[in-house]
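J.: The structure is given below, and queries will be raised subsequently.
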Amino acid sequence: MNPNQKIITIGSASIVLTTIGLLLQITSLCSIWFSHYNQVTQPHEQACSNNTTNYYNETFVNVTNVQNNYTTIIEPSAPNVVHYSSGRDLCPVKGWAPLSKDNGIRIGSRGEVFVIREPFISCSISECRTFFLTQGALLNDKHSNGTVKDRSPFRTLMSCPMGVAPSPSNSRFESVAWSATACSDGPGWLTLGITGPDATAVAVLKYNGIITDTLKSWKGNIMRTQESECVCQDEFCYTLITDGPSNAQAFYKILKIRKGKIVSVKDVNATGFHFEECSCYPSGTDVECVCRDNWRGSNRPWIRFNSDLDYQIGYVCSGIFGDNPRPVDGIGSCNSPVNNGKGRYGVKGFSFRYGDGVWIGRTKSLESRSGFEMVWDANGWVSTDKDSNGVQDIIDNNNWSGYSGSFSIRWETTGRNCTVPCFWVEMIRGQPKEKTIWTSGSSIAFCGVNSDTTGWSWPDGALLPFDIDK
């Protein structure tokens, strides 16, 4: 074999060996891939080895031992859902301590603050929020003109953190509404906003911002709701709806709601009673509401119901009357409205029952929505006399008040084995009592404490008129 033939033979052998080696490598890679694929995608019946891998869940700090042979599959765990539960009474209260004050009108003279009415507060386990009905306008702006009107297509329910002036930068849209309620069941927020024409208004229910149900006006006469928080217990939320005249017999429904879906409706048989704008709170396993009688009563009607929607109704017995306008304190009634020529109209308000006693929130003025005070009547839930056992001043009679309502802070937040009673007071400014082109309000909130408190005056404090009014 000559040298050239040797070179050709050696080269051919090298190429063959290289090709064989490459094929073996490819075969090995395919075998490894196929084996890995089967292990990941097919179920394993054999016992796992003792290899241990820790994983960290972003929702909660939750380190879990996962034993496997080859692969760790990371799956998010469900959050620890806590629903508000029933069974707690109201915490004992000696007086009322300031919780928040937003000063919205004062700040709005030079800041971007919404024109609002009907503010109310509601708390989840982690935060308290102020809900309010806007007019689609800002203070000291031309669109604030004429905002004394209650119902318009521009009104929306929005919310912001409690204690801050409501502005576009800190507020969250909730619902298109000129009447509303909202509450948390623990994991989520329920909102109910009523909008539309007076004769065919519709309530739109949302759970965590998603539309879940609707309810149409059944009497065709300004269907309306609480203008304060609904109440949630044991995964269900409860609210009251009114439809019918504001100055005659109207019609009422209790709604039972789960995750935004209406699961039960109860018509309230309340001939001679008038329930509007009820302020509700949890009371043991029940829900208790104190409402506005816009027809005949200067005393406030109440309704108490359980989870089956079985209910009782009556009037706050005390001769210390809670509505406005009202007569001077006198003889109350437990079962019928007290008129004395002052029973018509009214204002949203609240009371808290403690056994036979009752804390009554009310304006200081008999005729106008000015001033505010908390009055303790130790027998006022069962006795019709006018004897009070203590008064705490909130706003002096030279400053405007307005609507007021109840809310509560639950034991799941505080760790106490009771429900903390709280209330808010709206301070209406502008029309119809002041020379402005607009109507709006700020709010202040208090919670019950079983320790020392003080009375004072915490008014709105804004200097009117604004530039837009001149």
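The backbone N, Cα and C atoms fix where each Cβ goes, and this holds for glycine too.
Not my notes, these are from Swiss-Prot:
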type	residues	note
TOPO_DOM	1-6	topological domain 'Intravirion'
TOPO_DOM	28-470	topological domain 'Virion surface'
CARBOHYD	ASN50	N-linked glycosylation site
CARBOHYD	ASN51	N-linked glycosylation site
CARBOHYD	ASN57	N-linked glycosylation site
CARBOHYD	ASN62	N-linked glycosylation site
CARBOHYD	ASN69	N-linked glycosylation site
BINDING	ARG117, ARG151, GLU276, GLU277, ARG292, ARG369	substrate binding site
CARBOHYD	ASN145	N-linked glycosylation site
ACT_SITE	ASP150	active site, proton donor/acceptor
CARBOHYD	ASN269	N-linked glycosylation site
BINDING	ASP293, GLY297, ASP323	Ca(2+) binding site
CARBOHYD	ASN399	N-linked glycosylation site
CARBOHYD	ASN417	N-linked glycosylation site
J.: I'd like to know which of the recorded positions ARG117, ASN269, ARG292 sit within 10 A of the residue listed as 'active site, proton donor/acceptor' at the Cα level.
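T.: Close recorded positions: ARG117.
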J.: List the Cα distance (Å, whole number) between ARG292 (substrate binding site) and ASN269 (N-linked glycosylation site).
T.: 17
J.: Only counting partners 6 or more residues apart, tell me which same-chain residues put their Cβ under 8 Å from the Cβ of GLU276 (substrate binding site).
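T.: Set apart from GLU276 (substrate binding site) by at least 6 residues yet with Cβ under 8 Å, we have ARG224, THR242, SER246, ALA250, CYS291, ARG292, ASP293, ASN294, GLY346, LYS348.
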J.: In Å, rounded, how far does the Cα of ASN145 (N-linked glycosylation site) sit from the Cα of GLY297 (Ca(2+) binding site)?
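T.: GLY297 (Ca(2+) binding site) has its Cα 33 Å from the Cα of ASN145 (N-linked glycosylation site).
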J.: Given the recorded positions ASN269, ASP323, ASN399, ASN417, which one's Cα is the least distant from that of ARG151 (substrate binding site)?
T.: ASP323
J.: Other residues near the Ca(2+) site, CB within 8 A of the CB centroid of ASP293, GLY297, ASP323?
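T.: Checked against the 8 Å cutoff, the neighbours are HIS274, ARG292, ASN294, TRP295, ARG296, SER298, ASN299, ARG300, PRO301, TYR315, GLY322, PRO337, VAL338, GLY343, GLY346.
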J.: On the 0 to 100 pLDDT scale, where does the topological domain 'Virion surface' (28-470) sit on average?
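T.: Across the residues of the topological domain 'Virion surface' (28-470) the model's pLDDT averages 90 on the 0 to 100 scale.
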J.: Test of understanding: give the count of other CB atoms lying within 10 angstroms of the CB of ARG369 (substrate binding site).
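T.: Step by step: centre on the Cβ of ARG369 (substrate binding site), count other Cβ atoms within 10 Å, giving 19.
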